[in-house]
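**Q** Sharing the feature lines straight out of TrEMBL:
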REPEAT    16-58  repeat 'WD'
REPEAT    59-100  repeat 'WD'
REPEAT    101-142  repeat 'WD'
REPEAT    143-184  repeat 'WD'
REPEAT    185-226  repeat 'WD'
REGION    320-411  region 'Disordered'
COMPBIAS  327-349  compositional bias 'Polar residues'
COMPBIAS  350-378  compositional bias 'Basic and acidic residues'
DOMAIN    490-648  domain 'Katanin p80 subunit C-terminal'
Amino acid sequence: MALTNTTITSWKLQEIVAHSSNVSSLVLGKASGRLLATGGEDCRVNIWAVSKPNCIMSLTGHTSPVECIQFNSSEERVVAGSQSGSLRLWDLEAAKILRTLMGHKASVCSLDFHPMGEYLASGSVDSNIKLWDVRRKGCVFRYKGHTQPVHCLAFSPDGKWLASASDDSTIKLWDLIAGKMITEFTSHTSAVNVVQFHPNEYLLASGSADRTVKLWDLEKFNMIGSSEGETGAVRSILFNPDGSCLYSGSENTLRVYGWEPDRCFDVVHVGWGKVSDLAISNNQMIAVSYSQNNVSWYVVDLSRVKKSGSVIQGLIQDKPIPAPTSALGTTLRRNYERPTTSCTGQEMKQSSEADRRSPEGERRSPSSEDEKEDKESSAEITNPEDYKEIFQPHSVISRTPPKRTEPFPAPLEHSFSESVLEKPGPHVLSVVVTTSVTSPSRPVVTTTKPKPSTGIILSARNEPIGLNAGDFLSVTGVMGDEEALAQIRKGHDTMCVMLTSRYKNLDTVRSVWASGDVKTSLDSAVSMNDLSIVVDVLNILNLKPSLWKLDLCTSILPQIEDLLQSKYESYVQTGCISLKLILKRFWPLISDTLAAPPSVGVDITREERHQKCKACYKQLKNLSNVVKNRAEQVGRHGSTFKELQLLMAPLDC
């Protein structure tokens, strides 16, 4: 059978070791799609050029893990928020720190630059949003309204509105001129991870952990569309530059949506795991994801992706939905008016007047402490050549026109590439063998001196780095078929027994659940003494907060204590989500019930509620010690436990 060589729709471009410890945040430059900033638990911000293996610049100054990063529109500046609540702003062209901004009481988890002025917004685990004037080096306004961490912020293209998305399942729209909330969208049923404005029209898109993408009309302030069929939490969304469609990134899947009417144009399966950010350049989508201290780049060829036409059969309904009847090029709603001058005058006048009435907006002159912090911050240029090419000062007139970025070439679908990368030593050569079905000739073997350690991990590698495969092979030499099969089957029977038992237990819980008694089904899961079953049930309950009752809290709080101290990351995460939900929904009831004076006469219902609240309070007190100890650890879980510690603070009163 003859093989045909065709280019593929999506592929993994590169994988790098980005930090010496776990990566905690990253962002792509949307203007070029060629610049990446990563933040790590090593408290550094590293700047990378997409497809190049070496870090261009490493920014230091933070003393706690970097939780979020953002470029400005020209990609000349980058701001990073830390777990301690501080923000640091760097000028990449000048390679220096510009500002250190302090004010949040907890971890900063979202950032965005104002499109036309010297302002930026930050959202925090403390549920507050702050608007900063970079020139004044201080906070000029604070927006309150969310009850849980603010995980995404986005300014409108005209710079007059700010959208915020939170774990409280709401999206709020703020008027920067009036300094108040315009409206609130509450149709999501779980945490909202991302929001983005349409590039031209009065339209807002949002993606949530409830596995939906929703679109909101900003003239009538109502929902005009909602997706179905996402395979997991929606982590990234991006409008096409011309605004014709919306891209949605969830676990291993890219979907292309249209609206009015709702339709899905295409679904592309990409092995990017939990994608973190998207950008478009040269009709290609650049996507990034991270795991531990590795960062991976992926490319999707948008010329091979459907962006218009009928829906994919079976995704929404059996028959294709016709396109809107409006003429091509016309819009159904208003467009943003983009002023030619920067937003530094009338647009912020109202906020400035409010600042003078609020201590939050007091002018802040640089103090000796700030100057000391700025001196401790640095921008270390680790790759001068790439730095000069990318951040060439705009004030310098170049005699040659700037280089145009070219699309990344797609690999052939049936080509085979084998790369062996060994740890370079003083006399070690790297061997690269390349074979392609297009060439009838023999493989070409070239020997080249390896470059200095770059931190790059080739996506096409077929052997682990730093490991000797011989250590895992039979001592006698070549392994026979029987011995190989025995090795493969080793532990297989045990795993089958374990999975069979788990299936039977889950089937038992499901049969009880079908009767409509959630409390009994949870009790049956707890009685099995298998935390994996409890986690499976909790993952369902966490998606349906309306199912939670006070009875459930008394049963599940002792299990949460075991989950928070588990060695499995997924167990800890599920336990944290459940505990957060209990504190948000039931702590006011528990505290009010226990603080209420004794009732006159006999009230059995009240007595039962009082006993349940008393039991929950005792269990929450025990959990507060666990949370306090875990909050001292560094990393992603440390930030989550700090948030829980804030929620549990009333227990100590």
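Glycine is no exception: its Cβ is also placed from the backbone N, Cα and C atoms.
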**Q** List the helix, strand and coil residue totals of the repeat 'WD' (16-58) as derived from DSSP.
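**A** So the counts come to 0 helix, 23 strand, 20 coil.
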**Q** Pull the DSSP breakdown for the repeat 'WD' (101-142) and write it out as helix, strand, coil residue counts.
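**A** Helix, strand and coil residues of the repeat 'WD' (101-142) number 0 helix, 23 strand, 19 coil.
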**Q** Mind tallying the repeat 'WD' (59-100) by DSSP state, helix then strand then coil?
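**A** Counting residues by DSSP class gives 0 helix, 24 strand, 18 coil.
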